Amino acid sequence: MLRQLWRIALKIFIFGSVNVDVSARMATLPRPGQTINAQGYGIGLGGKGANQAVAVSKLGGDVRFVGAVGNDPFGEMAVREMQRFGLNAGSVKVIEGADTGMAIIQVEEAGQNTIVVCAGANASWSASDIDTYAFDIAKAKITLLQREVPHEANLAVAKAVKAAGGTVLLDPAPVGNASLMADLISLSEIISPNETEAAEITGIEPTDLASAEAAARKLLERGPKIVIVKLGGRGSLLVTADEVKHFEPFKVKVVDTVAAGDSFNGGFAVAYSQGQSLHDCVRFASAAGAIAVTRVGAGSAAPTAAEVDEILKTASLN
């Protein structure tokens, strides 16, 4: 049943950022003050909102993505890339006088990365803008939010979802001011931080499964019913009021981790929109994230449904 979930599509609403990613590959990340030679670079579609929407689209999900770009060549490129990946960009606004958001990414051979984001048009959203999308928000089974757009706009979406009886999956990245996020966390049924984000929000460093569970339980106290801590090469930890389950990672060759979290969340949303069990949702998400780290890029690294189907059938776990 798990491997067939992509054959049916239900509604997923995603509100978030659109960036153009400029990434450079290098042997090791530079130290402060150090200049090094890159092994190569690339330019492509990015932004956590767009990445997650592309991930859902490539997996066969029925997604409505709402974002913004500037009236510039980068914005035109971003829209073309979304369309190339099969994502409907009809709800992506073009903001006159604004630059398209940009992310400067450094990726080392081991797969780790650093990212600096320039918000650009992503900063243009206000709470009042969200009324336009009330119908789509109300009919969505799951709504994905991240923190690369203004907090007030995110909060307006979360409140609309809550009023409609829907589900918010919050990717709390970047954390920024953790105390500012309290109201958004309380409105989110599901939250999926990585290790760094879990530590920033809770003050507990998830150095092992026990501390990851402790961090997750602190998040449960703030309102969510489901916490999924993404542990990178150690897999992921699912924590609810009733259970704790560790999901081992798939055994793959890591090339670039940039798309891991967004592909994970996109995969989870597709599975959740099908009414799959929570365990199957996490396993499907884990497979999507595992495939994404085997290649370079953000949206371009997101897997297809057939690829996830294959890894679920054949791949081994660490």
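First residue shown is number 1, and so on along the chain.
Heads up, the Cβ atoms here are built off N, Cα and C, so glycines get one too.
Annotated domain 'Carbohydrate kinase PfkB' per TrEMBL: 11-304, in sequence order.
Annotated substrate binding site per TrEMBL: N19, V20, D21, G47, K48, G49, A50, N51, E148, D262, in sequence order. In the three-state DSSP scheme, D262 (ATP binding site) is classed as helix.
Sequence annotations record features per position, and here TrEMBL assigns ATP binding site to N194, K230, L231, G232, G233, R234, G235, G261, D262. Using a 10 Å radius centred on the Cβ of G235 (ATP binding site) and all shown protein chains, the other Cβ atoms total 20. In three-state terms derived from DSSP, G235 (ATP binding site) belongs to neither a helical nor a strand segment and is classed as coil.
Look at TrEMBL and you will find D256, V258, A292, R295, G297 tagged as K(+) binding site. For D256 (K(+) binding site), the number of other Cβ atoms no farther than 10 Å from its own Cβ, over all displayed protein chains, is 24.
TrEMBL lists D262 with the feature active site, proton acceptor.
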Select the most exposed residue of A50, L231, V258, A292, where exposure means the fewest other Cβ atoms within 10 Å, treating these as the binding-site residues.
L231
Nearest by CA distance to N19 (substrate binding site): which of the binding-site residues is it, out of G233, D262, R295?
D262
How far apart, in Å, are the two Cα atoms that lie farthest from each other among N194, K230, L231, G232, G233, R234, G235, G261, D262, the residues recorded as binding ATP?
17
Name the one residue among N194, L231, D256, D262, A292 whose Cα is closest in three-dimensional space to that of K48 (substrate binding site); these are the binding-site residues.
D262
